[in-house]
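Chemist: Take a look at the following structure, please.
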Amino acid sequence: MSTVHMLDYVAGNVRSLVNAINKVGFQVEWVKSPSDLKNAEKLILPGVGHFGHCLSQLSKGGYLDPIKAHITSGKPFMGICVGLQALFDGSEEDCDVPGLGLIPVSMQKFNDDSKSVPHIGWNSAMDTKIGTSGNSSFYGLNPSSKYYYVHSYAAPYTPGLLEENGWSVATATYGDEEFIGAIARGNIFATQFHPEKSGEAGLRTLGAFLNGDQFQTLAPQTSLSLKKSDGLTRRIIACLDVRANDSGDLVVTKGDQYDVREKDGVDTGGQVRNLGKPVDMAKAYYEQGADEVTFLNITSFRNCPVADTPMLEILKRTSETVFVPLTIGGGIKDTIDTDGTPISALDVATMYFKSGADKVSIGSDAVIAAEEFYGAGEKLTGKTAIESISKAYGNQAVVVSVDPKRVYVSRPEDTNHHTIRSQYPNAAGQSFCWYQCTIKGGRETRDLDVRQLAKAVEAMGAGEILLNCIDKDGSNSGFDLELINDVKAAIKIPVIASSGAGSPEHFAEIFENTNTDAALGAGMFHRGEYTVSEVKNYLSYRGFLVRESEGDR
Ligand code: 1PR
């Protein structure tokens, strides 16, 4: 097998990249010291998180000059995400730290007046020359494919500026901002998106780089008239609630209002509902076109050492066949191992990232941290799980999963919490309600409302909110639109709507009536009532932009 050298200079989830490289027929050799770079023929520089931190780490480790020497020697070089940003002059994210200065542009933060930041999801990488100089593109980038991006800073695109100096550029558009999604010249190639998380389209691009396939002619039917409008698609996420069944095997389960035990049946009454095997089901959803897969380990690690939790094995196996982002939730908090050793939330998250997760999702611990945040007069301690994980791995790696329940009141003055006037009064005729946060899988309610939680965790550095709703969970009656609108209005980070999906129409309804960034389904997929592709086909028919799975074309 041919080899590619890779630099792992900051904590980052590189396992999925290694899996993707293996999948396209190459193996990774790690660069452990600057002198290893002399032996590198092909070099990949991945990167996540903070621009200044990444560049300072490279500089401190003595890597900057050997990287420049590799690039000037003409040997193949690929930068991914912050690895792309490193090639530029610098970034607004840290004005004191310069980039390599190979491309005379600086990264700017997305203007966040009208859109969620970070920019998370599937967007284009459209070669700017398509349609002007024939029908070819660089490194297999296809104008009708979508690629997975996650970043808050981007290189703004000025037509012609870089092309005049021999660069090939592919762009994406987020809201009204067009930015550089990929760039190449000679031996250099870099992508702002993550090819290893971009399904078949990403694997094609990675393979093209590794095989030195710089320019490719596109199929004649490739549309040259694709518009440069906002290219971000509506994200559809498949969620697998996983727990040990009564025989101790991890199974995918699903309940309603968080009760996952069978209610009737002579043989099944009281047992954990078993809907299938986690790895197989995740693969099936990937093949159906799920844009992300989320695992919620709803009983986290009971009775076994943290490092042996079977969930780690599930992630490892899943990440070998699923090339879209994987999120894992459940039990991410400071914890004590079965032998009494303390393990920090960051250590737990690190185990998950090393096993192939791209994001971790924090539930109960986020609620406790938010209560402490308000208790301390809205002061950050730097010590919470959210802060420590987002500092080490970047905000995009931290999702907060929220499990709220409606609490009705007669008048807003009857509570200190933020209320909404609902179109759906309760049986007592009360139409005001607030959304109360819960912990431990809904078993304990807390004196905190969902907006307070969302604002606190945004301040701590969470990158995304997974917004469940216990009242709607497993109901098949559609999402709680009022809840989503309430939370979206309070924060800038993306929100994933969850709980209640029962049909493709429910997904159209949520995208039409709220600004949610993504929508998640569980039971309807697990019970085989609809596939992810059926949901996407329906959304597409209704005029929403979705990523087609490559097999559908
Ligand atoms: O608190 O950090 O250990 O995390 C525990 C995680 O497990 C939380 O994210 C919490 O939401 C989840 N969880 C705990 N108990 C349950 C349960 O069901 N008994 N599952 C549970 C929550 C919520 C969604 C669900 C949607 C969509 N599941 O992921 O899949 O409601 O369902 P639907 O489309 O079928 O309506 P911590």
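Backbone N, Cα and C atoms are what each Cβ position is placed from, and that goes for glycine too.
Because TrEMBL annotations are produced automatically, they should be read as predictions rather than curated entries.
From TrEMBL, for reference:
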DOMAIN    6-200  domain 'Glutamine amidotransferase'
ACT_SITE  Cys81  active site, for GATase activity
BINDING   Cys81  L-glutamine binding site
ACT_SITE  His194  active site, for GATase activity
ACT_SITE  Glu196  active site, for GATase activity
ACT_SITE  Asp241  active site
BINDING   Gly331, Asn468  substrate binding site
ACT_SITE  Asp403  active site
Chemist: Let me know how many other Cβ atoms fall within 10 Å of the Cβ of Asn468 (substrate binding site).
Modeler: 28
Chemist: Kindly state the mean pLDDT of the domain 'Glutamine amidotransferase' (6-200) in the predicted structure.
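Modeler: For the domain 'Glutamine amidotransferase' (6-200), the model's average pLDDT rounds to 93.
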Chemist: So which recorded positions out of Cys81, Gly331, Asn468 are up against ligand 1, CB under 6 A?
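Modeler: The qualifying recorded positions are Gly331, Asn468.
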Chemist: Go through the recorded positions Cys81, Asp241, Gly331, Asp403, Asn468 and tell me which ones have a CA within 10 A of the CA of His194 (active site, for GATase activity).
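Modeler: Near His194 (active site, for GATase activity), where near means Cα within 10 Å, the recorded positions are Cys81.
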Chemist: From the Cα of Cys81 (active site, for GATase activity) across to the Cα of Asp403 (active site), what is the distance in angstrom?
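Modeler: Computed Cα spacing between Asp403 (active site) and Cys81 (active site, for GATase activity) is 32 Å.
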Chemist: With every protein chain in view, how many other Cβ atoms are within 10 Å of the Cβ of Asp403 (active site)?
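Modeler: 26, counting other Cβ atoms within 10 Å of Asp403 (active site).
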Chemist: Once near-sequence residues are set aside, which residues in the chain of Glu196 (active site, for GATase activity), 6 or more away, have Cβ atoms under 8 Å from its Cβ?
Modeler: Ser16, Leu17, Asn19, Ala20, Ile21, Ile80, Gly202, Leu206, Phe323
Chemist: Tell me the Cβ neighbour count for Gly331 (substrate binding site), meaning other Cβ atoms within 10 Å of its Cβ, over all protein chains shown.
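Modeler: So the number of other Cβ atoms within 10 Å of Gly331 (substrate binding site) is 22.
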Chemist: Enumerate same-chain residues with a sequence separation of six or more from Cys81 (active site, for GATase activity) and a Cβ-Cβ distance below 8 A; give 'none' if the list is empty.
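Modeler: Looking at Cβ-Cβ distances below 8 Å from Cys81 (active site, for GATase activity), excluding near sequence neighbours, one finds Pro46, Gly47, Val48, Val150, His151, Thr191, Gln192, Phe193, His194.
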Chemist: Cα of Asn468 (substrate binding site) to Cα of Asp241 (active site): how many Å, rounded?
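Modeler: Per the Cα atoms, Asn468 (substrate binding site) and Asp241 (active site) stand 12 Å apart.
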